[in-house]
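This report refers to the structure that appears directly beneath it.
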Amino acid sequence: MRSVARRAARTVQAAAHGRAALRFSSTGPTSSTTHFGFREVPEDDKKAMVGGVFHSVADRYDLMNDFMSGTLHRLWKDEFVSMLGPVESPDPSDPVRYLDMAGGTGDISFRIAEALRSRSGKPVAAEIVVSDINPSMLGVGEQRARSKGLLDGRGLPAMSFVEADAEALPFESDTFDSYTIAFGIRNVTHVDRALAEAFRVLRPGGRFMCLEFSRVRNPVLAAAYDAYSFNVIPAVGQAVTGDRDSYQYLVESIRQFPNQEAFKGMIEDAGFVSARSRDMTFGVVAIHSGFKPMED
C-alpha cells in the first residue's frame, strides 16, 4: 500500500510541478489554453471534450458514483440539500425558484422536490429548473423524474429540464432564489464566468451552494486517497463502463480544482457575501456557500 501511495503521490506531484505557478482562472496556463484533467488543451476544445466524457458515462453515472465513493455521495448530497433547507413561498403567485445547474441525472433536484412534497397533495409554491449542458445526462434525469412520479404535479413543485451552458445561462437576471451545483463546476472551462452567471441569475438575498471534491488536509489520508483515486477508480470505470479514460479525467479534474480557501476566494470575487466552506469526509468533498447581497 505504501508503494502504491508513493507512486500516486509522485503522479500528482509531477503534474502539479508543471502547473505550480498557475491559478485556476478563466484562462488557465495561457490566454488560449486550459486544463482537461492534467492535459493542457485549447480552451475552445474543452467544452466538447467534457461533453464527450459525460455522454459516455451518462447511463451508468449514478452507479459509478456508488462505486467511486462507496455510496458516500448519497450522504453528501443528503447533507447538501439539508443545509440548503428547501422552503416554498407563502404566496403561490410568487413561487420560490430553484436552479440546479449541472443537474444531470437529478440527484439534487429530486431531493429538493422530496423535501418540498406536500403530503396532502396540495399545490407547492416552488419551481425547480434542472439544467445541464449535456443532453445525455439531462435525458437520463428527465427519464428518472418521470419514473419516480416527480413530474405529475400532485403535491410537488413544478420541475422543468433545460439544456444550458453554466457560463452563459439563458435565464433573466434576478430570477432564482437558489442556485445549486454538485460535482459540476470543476468541469466548466471558465469557473469565474460560471460564478458570475450564478450571481447574475440569483435574486438579491439568493443563495449559491456548491458541492465539490476538495482537498484532504491530513497528508497520510491524502496519500491513501490519491492511491485509491488513481489506481482504483479508473480500473473500476473500465470494468463497469468499458471507459477508463473518462474516469481518469474525472480523477485528474478533482486534483486540478482549487482547494477550499482558494475557491472561497473565487466565490467572494464573484460578489457573494458570507462565503464559507464545510469539509466532509476529511475534506474529500466540501460544501461551499455564499449569498447575493440584498439591495440597499
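The backbone N, Cα and C atoms fix where each Cβ goes, and this holds for glycine too.
The model shown is predicted, which means the values in this text are computed figures rather than measured ones.
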Co-listed S-adenosyl-L-methionine-binding residue [TrEMBL; alongside THR105, ASP165, ALA166] among ASP91, ASP132, ASP152, ASP177: ASP132
Structural state of ASP132 (S-adenosyl-L-methionine binding site), classified by DSSP into three states: strand
Listed binding-site residues (ASP132, ASP165, ALA166), ranked by Cβ neighbours within 10 Å, top entry: ASP132
Neighbourhood of THR105 (S-adenosyl-L-methionine binding site), C-beta criterion under 8 angstroms, separation at least six: ALA58, TYR61, ASP62, MET137, VAL140, GLY141, ARG144
